[in-house]
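Working notes for the structure below.
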Amino acid sequence: MGTEPTASAAAAAGGGGGRGALLIALLAVAAAFIPVAESSCPRDNSLVKDINKMYQSDYGREGFSHITIAGALAHGMKEVEVWLQTFGPGKRTPIHRHSCEEVFVVLKGKGTLLLGSSSMKYPGQPQEIPVVQNSTFSVPVNDPHQVWNSDEHEDLQVLVIISRPPVKIFTYDDWSVPHTAAKLKFPYFWDEDCLSAPKDEL
């Protein structure tokens, strides 16, 4: 059945033009069988989605997994964004801050929230706050922080809700780096395929 459109296209073109039409039709049929890489920015505005079928990546960080469950760029969210993140034993986020609200729900495992201060010139010695399964915690706007899977055996899995997406993230090499020397990463790794131009406000 796949050859019928090709023959029809060739007959419709007639004469020498038929060969060109036949070639175009053959290329179209061949293209249908070429596998297409799964997009990391699938535009999906459906009401119900299967998390197991959503795009997942480690974004170059071994022992880490990120899924944007409901995002501004891929799903049209306006006010909030929801992520599912999994950290292998000993893995942690970079030290970072952002000018949005952030809430975590610990689905599995246990870990440590390291929380610095935005009231000094640099983050300072962070508080170490233990978190466990079924606990929830929020990070104050612009406070430098780091989420660490301090368990040696089990994954830490968290649901993350942020406001004002897409997020602008400032990263620190360590806790003594002045806030003014933090490095802006925007768009962030999981937004790079969806957003090529920077957002013009913080």
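Residue positions begin at 1 at the first shown residue.
The backbone N, Cα and C atoms fix where each Cβ goes, and this holds for glycine too.
Within the set Cys100, Cys194, TrEMBL assigns Cys194 as the partner of Cys41, by disulphide bond. His145 (Zn(2+) binding site) sits 20 Å from Asn134 (N-linked glycosylation site), taking the C-alpha atoms as the reference points. Rounded to a whole number, the C-alpha distance linking His96 (Zn(2+) binding site) with Cys41 (disulfide bond) is 24 angstrom. Taking the Cα atom of each, Glu102 (Zn(2+) binding site) and Asn134 (N-linked glycosylation site) are about 17 angstrom apart.
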